[in-house]
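Now, the feature entries from TrEMBL:
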BINDING   Cys548, Cys551, Cys588, Cys591  Zn(2+) 1 binding site
BINDING   Cys557, Cys560, Cys575, Cys578  Zn(2+) 2 binding site
DOMAIN    15-102  domain 'Primosomal protein N' 3' DNA-binding'
DOMAIN    557-582  domain 'PriA DNA helicase Cys-rich region (CRR)'
DOMAIN    736-824  domain 'Primosomal protein N C-terminal'
Amino acid sequence: MSTPSSPPSSPVWAVALPLPVPAYDFAAPHGHAGPLPLGCRVLVPWRNELALGVVVGAGEGGAHRLREVAGVLDRSPWVGAGFLAGARSLSALSRVPLGLLLSDLLGVGLTPRYQHRVRAVQDADLSLFGPHTPTPEWREASAFEPALLDAVRAQGLLDEDFSLSPRLSSVYRARPWHEVPEEQRTVTVWRALPIGPTPLTLRQEQAWRWLLEHGPVDSLGDWARRAGVGSGVVMGTLQRGWAEAAQTEAAPPPAYIVLQEAGPFETQVAWAQAAQVPGSHVAGLIARRWADSVEVLAPPPALPQPAAAPRRLPDDLPEELVWRLHGGRDAERFAQLAARIGRRLELGRGVLVIAPDAATLRRAWEGLSGVAEPSGTRAVLFSGTLSDVQREESWQRIQSGAARLVIGSGLALAAPLADPALIVVLEEGSDGYKWPSGSGVFVPDLAARMGAALQTPLAYVGAAPAVESVPLPGVVLPPPRSRVHVVDYASPAAQPSLGPLSAVQLRPGDQGYPISHDLAKVLRQVAERGRQAVLLAPRRGYSALIRCPSCEHTPQCRNCDIPLRLHQQTRQLLCHQCGFSQGIPERCEVCGEMMWSARGPGTEWIAAEVRTLLPECRVYRFDKDQQDDLTPLFQGESGVVVGTQALLSQDAPPNLALIGLTLADTWLGVSDFRASERYHRLLRQLISWHPERAPLLLVQTFQAEHAALRSVVEGHDALAFPTAEYDLRRALSYPPHAALAQVLITAREQAKASAGADEVAQALFAAGATPQEVLGPAASPVTRVKGLYPYHLMLRTRDEARLGKLLDVLNRSFRARVRVDVTPRGGLGV
């Protein structure tokens, strides 16, 4: 269905400011007779100044007098109606202020350029406000104090005019010739006269004849030198009246001509480079007023260019309101999806594609942007990776209707896309969609609310479906060809029988760690054959902790109850929660032992092991601390990359032969019921990472029989494991079979946090919550984080309506800080 028609007029507008506050009601501007400007940016009085806000709906009003909106900046919506409907729905459930959602998700236009003029209302007497007040004539608002204008505005005695200003840029432009100072464009020269009043000597006549034939000249010395006479002869010729000084037009400097013909230039450096002169030379021309710095309309910035049009396939995807497409490789999924997107664009409607991270976004742009042009429109990319100017230009293309295919990050959800026909959420289960702070929004949840509000079809597309997507109608592509080898640390190979004189070469269960013997063998083969390998480490740094071998003391963070991680390269112990760091102690503070034992290998440790194993092979690191230049790999050189999961933000190296998951159990050892689903998605992404090849995936694990791993090893499609997980969650009453919310209670004193958690639980039970609906409260697995003691409880209800009713209980103050997350992911209390 199409976007709802324009809302009717309303005397009261609900306006959300990009602040952690709810939407507030304001009266419509005096004399406003048009419809409610839903999604438009407005300026409203706020704390004695004007603040920017967005109209999010009709207000309710009340008995008290409302302040008026000062002005409307946009002629058409700056924010999409579907986004506003979804955000209001999410805000009502989650208790996250609507202004905070707006601040987090509106990535452009919060600080617009505008002109503001004011004047006093006709016949208004403003003398009571002071001597310097607006008059009946229009003047710039900047001439008056904001607090004064707000006081006059509050009394209804101020007329205001607002208009958006175009983006300008400063350039260097050549002055017209007649505007160059006369002293710069003229020069004094010496020229011969046809006859003089006094006879000349032979030498003077020689000088005069040369000047008559070759002059004029710009200096007496040059005349004398070139005529072959002395300076006295030249002076004598002048004194006898046979030559004179005259003013003539100077030849323009070459750099000036370049500026005239090739300019204007945005910088002096660009001008100097074009003219092939030093920068000081062009600076001198500006100082002598050959050129000016002027403000002109800024040219549109360069935007990412769309890819070539993909080969159009038949559109055999589901027609239901919500559907899914999973499995296969990126290129296969995008080829299927392009057919559906092309059909919608050809109808003159819009399509929005959302990606969780930069890598997925880049691949989506490469796979889908080429659909737009053959369908009669443009594609734009919108994400935080663009500059402010590029985001503004992209947004204006969407607002004007010039671009109807929008491919972006979660920030693109707010785009004012007219008549959206399809919303596509890529990798809907990715934790990359979860805002780690602020509103804590989970983008697919907001996208689903948008689709429901607009009755717009919603598609989930990715390597593996989220468990919540399992019951939806959809298509599952065959899995890509894969080769998987599992090193089972829990079940080592049987040892050979030993004779009486033999010795055990391996300890029981010792298969090599962190690089197993199998992995070492394949790495040697990769190096010998000039191929490439990638090893995924559980963490960055050298190790998860260091421990005293004598007393087992482990250095802890002073702000958090977790061990400090060792970073060998910087010789520091670092907390990955709060950032606290310290040097490596020389001795154990408990027993005085001088040696430390490292536990839990990270990227530094594993990279060092690979260098020892393959001394002739080039080893790279790619994690948050260090991103080596991988250009040689992409040029086909042999090498091994050791990194965290951040490495998957890059394209797969072209000659990739091996992917090693050095300890798969890290993805399972998280206090989150989605851990297995996350692990399964990672495995699916790894086997489809390379667009063409099937590199060996070697998984080192203590859980070789885990269902997620077995589904990949045995060649099942991408839906098999999520379906089993769906049934398991039904038995446990977890989403999607229940609505879930996490309530996090924190305080700087543990007793206060514990008491606050009990208080929250008692309030819920008093409101009718059952023990099956309230799980907890309990202390976080990490007792203290960033100086705070977190406790949590989970609310698990049959549906969202019941969850909302219970969350209403929390609309009051408690002994500790209380925060609600209606889309909890990635752990409890941390």
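Any Cβ shown, glycine's included, is placed from N, Cα and C.
Projection of TrEMBL feature records onto the structure.
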residue: Cys548; record: Zn(2+) 1 binding site; contacts (Cβ under 8 Å, 6+ apart): Thr554, Cys588, Val590, Cys591, Glu593, Met595, Trp596, Ser597
residue: Cys551; record: Zn(2+) 1 binding site; contacts (Cβ under 8 Å, 6+ apart): Cys588, Val590, Cys591, Glu593
residue: Cys557; record: Zn(2+) 2 binding site; contacts (Cβ under 8 Å, 6+ apart): Pro563, Leu564, Cys575, Gln577, Cys578, Phe580
residue: Cys560; record: Zn(2+) 2 binding site; contacts (Cβ under 8 Å, 6+ apart): Cys575, Gln577, Cys578, Phe580, Val782, Arg784, Val785, Lys786, Gly787
According to DSSP, collapsed to three classes, what secondary structure does Cys578 (Zn(2+) 2 binding site) have? coil
For the domain 'Primosomal protein N' 3' DNA-binding' (15-102), what does DSSP give as the number of helix, strand and coil residues? 19 helix, 25 strand, 44 coil
Count the Cβ atoms, other than its own, that fall within 10 Å of the Cβ of Cys588 (Zn(2+) 1 binding site), considering every protein chain shown. 21
With every protein chain in view, what's the tally of Cβ atoms within 10 Å of the Cβ of Cys575 (Zn(2+) 2 binding site), excluding that atom itself? 20
Of Cys578, Cys591 (the binding-site residues), the residue whose Cβ has the fewest other Cβ atoms within 10 Å: Cys591
Going by DSSP, is Cys548 (Zn(2+) 1 binding site) sitting in a helix, a strand, or coil? coil
